[in-house]
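J.: Let me give you the structure first, and then I'll get to my questions.
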């Protein structure tokens, strides 16, 4: 096999695994040769109120992109995650909640979770939420976040979750775009020992005159002081106290919207990724089962926040549809002690751990302290998600956290894909550190050059997917034209991922990162355009350009070139002020790591900023700038290089 390091499947894994190499090959072959037959059979992994007779009805044709799966079937997501388990697994723990403070934890059985979801479903109905309405969630990592999600699905409402780290401005934009008239939040969140002012942020977001929110349901998490609007605000505990724990699930069409989740694009404002009910749930359920080699007795921990797609698919829906025990962690991996993540593994006897390279690199920087005094013997499978994992971090994770016992499933997928597209499978795949390896069933990746010509064999190029799969997003909320433009216009007839990849001689895929103007910071996607817009909204800034630079913990750091308006001078105070400004406009996650005060930016004669050059300057690769003859003023480049060395 190519690439220096290969870790073959270990006997103790293959002996108990759901699939072996031959099983994978046969299933994969069937999935691409006859998708209708394959997905028709796999669709039965969930329960249907009215079985489907149609399976796949999809088109990637220019101007006619349309994606439908199981389109005449009826089902309910919450019934699949709860009701169907009550007879056999009613007393099994569904959610283990581990608080920010290690002294706080809770367990909810499937029966208890079912009752809470029914109560909250009735609360939503009483507040006038109807089938098809969009409900905005801005919640901490507590079981009530999952309860609210499942309650929406029970009554046929569409949830739009906004990560609790986003600013009031970012929250308002998402509330307006989705048309939410109700927000579910908490007084405060807790993270790393510090309160997060969720209710205060909601109050501020709702001062935007374009919001149309009539009700805010508030969970009491910390008991911190919050402002109160009597006609608008409702306490969660008061509303649920009198609610009935009986609420029959709505029969939803497979193509009814399930949720909207906003993600950054390379241009303009974030786009609402729309996922529908049937195909999404089939895909989340099936990928969870096979990628994590799920067995009934497993204790599964995905460290992602519910505000990200990983939290949707692999903390809530995938695990619960499989009847698994899923851990929900409010805190951060290194608080109050460096070995917190390992402590949680031991405390709850976690068998499957799914986390992000950023967390792994942060722990790796602490060395053995990250595992001090813990055994982690319960671990069986470990996963990585959010961005490509560098081989050094992979090796450390494998050796130090998993003690060379646990295969690592390095999963590649996106908000848009609904679930994992490329990943090793335990029991099947020999591992190579840093490679996402092979495609999941029904997923047909290809590499193309910049002209869209297919590249064969071992090569590198733009990663496209040539046919649809059930978990694929259906459209951009309210803007199908943007959906086609973003994903299907670059390489017509194919879904363009926006990522580059390398394929080795064993057919393994190595994701090389974004090829568009999107950054991946700590596993979170951010469009450079979004950060640039926030910067130029500052009254003293005339122009800004943002590029990604390597960062040893976050994967990518944010490097901002900033040109001030005439008459303004750079200063330490302004530097601090600009960082604060971005934090307020978008959230702490978008704060620039470097601000480079630039007199001018390299532009073509048509006025386009040459980001390629800015990237090279930011990373110090100034001896390989390439052709700069098309620049309107080539002298700008020397000036930028000088400024950088002076700033350093």
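Here the Cβ of each residue, glycine as well, is placed from N, Cα and C on the backbone.
From Swiss-Prot, for reference:
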BINDING   191, 192, 193, 194, 310, 334, 522, 583  CoA binding site
BINDING   386, 387, 388, 410, 411, 412, 413, 414, 415, 499, 514, 525  ATP binding site
BINDING   536, 538, 541  Mg(2+) binding site
MOD_RES   608  N6-acetyllysine
J.: Which residues of the same chain, at least 6 positions away in sequence, have a Cβ lying under 8 Å from the Cβ of residue 583 (CoA binding site)?
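T.: When sequence neighbours closer than 6 are ignored, residue 583 (CoA binding site) has 167, 590, 591 within Cβ distance under 8 Å.
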J.: Taking only the residues the record lists as binding CoA, namely 191, 192, 193, 194, 310, 334, 522, 583, what is the largest Cα to Cα distance between any two of them, in Å to the nearest whole number?
T.: 24
J.: So among the binding-site residues 536, 541, who's got the most Cβ atoms within 10 Å?
T.: 541
J.: Let's check the environment of residue 386 (ATP binding site): how many other CB atoms sit within 10 Å of its CB?
T.: 23
J.: Of the binding-site residues listed here (192, 334, 522, 536, 541), which is spatially closest to residue 386 (ATP binding site) when Cα positions are compared?
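T.: Of all the candidates listed, 522 is nearest in space.
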J.: To the nearest whole angstrom, state the Cα distance for the pair residue 413 (ATP binding site) and residue 310 (CoA binding site).
T.: 9
J.: Near the Cβ of residue 192 (CoA binding site), how many other Cβ atoms are there if near means within 10 Å?
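T.: There are 14 of them.
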J.: Return the count of C-beta atoms lying within 10 angstroms of the C-beta of residue 193 (CoA binding site), excluding that atom itself.
T.: 11
J.: Measure the Cβ-based neighbour count of residue 538 (Mg(2+) binding site), defined as the other Cβ atoms within 10 Å of its Cβ.
T.: 18
J.: For each of 334, 411, 415, count the other CB atoms within 10 A of its CB; which of these binding-site residues has the top count?
T.: 411
J.: Work out how many Å separate residue 522 (CoA binding site) and residue 388 (ATP binding site) at their Cα atoms, rounded off.
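T.: The separation of the Cα atoms works out to 11 Å.
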J.: For residue 415 (ATP binding site) and residue 191 (CoA binding site), what Cα-Cα distance in Å is obtained after rounding to a whole number?
T.: 24
J.: Near residue 194 (CoA binding site), which residues of its chain come within a Cβ-Cβ distance under 8 Å, counting only those 6 or more away in sequence?
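T.: For residue 194 (CoA binding site), no residue qualifies.
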J.: Nearest to residue 334 (CoA binding site) by Cα distance: which of the recorded positions 411, 541, 608 is it?
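T.: Ranked by Cα distance from residue 334 (CoA binding site), first place goes to 411.
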J.: Rounded to a whole angstrom, what is the C-alpha distance between residue 411 (ATP binding site) and residue 191 (CoA binding site)?
T.: 26
